[in-house]
């Protein structure tokens, strides 16, 4: 646990008045009448051991014994009196939220010939205390900082399925093919007082294992590490209820159950907390179910998206809320987008235009624009809520499989970043593209690795880009190559041409030199070097 005297070393020498607090090492356990059985975490309740030793801190879900119900706390309640009002069971000293940062002069790097991308100013303006923010700068190739790869290469076919920063930026959540959610803290080297730092491989502080393939996962919308009662993760897996996990201990805190017309348990395909945290919206086949976060169980509101042969058909595969208007958008595997009123779910608009099932949605911070992406579809589409029937413009990317390929917007809404099946990461500057109906080209692309980049996530306050990679490998027919051997009826199958690179990577996107990384860590680890586009960029 970091103290208030420790200072954050910014790789590009940018300065601010506050660094994002790492996850505090504590968690409350409150009382509630509706309870769920949960396992006891490995290694007891010692929070300091969880942060120091990833193995000791890992939590593996096991079926709890009878007679040990877990009381669901009021953590999912969203009304708090003061930020410092924490559970009385938290005995550790809370991390100071005001971390002073050293002020250093920075020099803006020169752009390669032909580059016309504007970066951040050389000296960032003053920032209010408690509201630190660094701007993203994609005028040069992002610098590799750290990553995690050993965790995923221990088992075969354990590729990643996306990554998501916590709303407060204190940690990052990953999903992988071994049906495990992992939580990583920010690299401790960012808090080192030395200028020359060799970043070590990241290790997870928590592991939360689901029973089957994980369909979707998300952070609680009001999550803040300074308020442990808000630190939750929701996940949905095949033939299992929706689980709520404690992001401090990895314990299962609550479950939400949905049943079909035969009273059989059915799994949600998409999850999204409402902006105020009071409701959990879950996508099913032709249906959205709304659960109250203060009342776990099976009670929910059922909102049909398709009735009397009209409406949005197919499985609701993704849900996103507008940051400025009381509405939400739903994407379905039926290749349609639906806009609905938040209060009662009444349909507002139905849009089409994708070639495949919708896999991801994202609203612009201004609330007027939203973006959609689909599987086996080479376009990201931009829509304007002021003209819902009119497609504003499209962005080209490579998506050749059914895998969910994420994209993300930076907090200012200037840059949109997306992964590709070929491993490339594409960056678009959309700040000046409004009103232009033509296709917008990327300002920069780089190659983190040779495998599919399926997950990208931009930090909410630091210029940090997280990427997740990997995909399912299918054997390809090949010849034996041995002379004299009779050819069989069936061709041989081989993975000799596959290059699996399953890893989580962190990239600094703030521009300027990186004094904390004197050597290129990718060359030392044998990873592919990132390259740019244009004259100095690819």
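Placement of Cβ uses the backbone N, Cα and C atoms for every residue, glycine included.
Your range for region 'Disordered', going by Swiss-Prot and the list 55-91, 92-128, is 92-128. Assigned with DSSP, the residues of the repeat 'WD 1' (154-194) fall into helix, strand and coil as follows: 4 helix, 18 strand, 19 coil. The DSSP breakdown of the repeat 'WD 2' (210-255) into helical (H, G, I), extended (E, B) and coil residues amounts to 3 helix, 23 strand, 20 coil.
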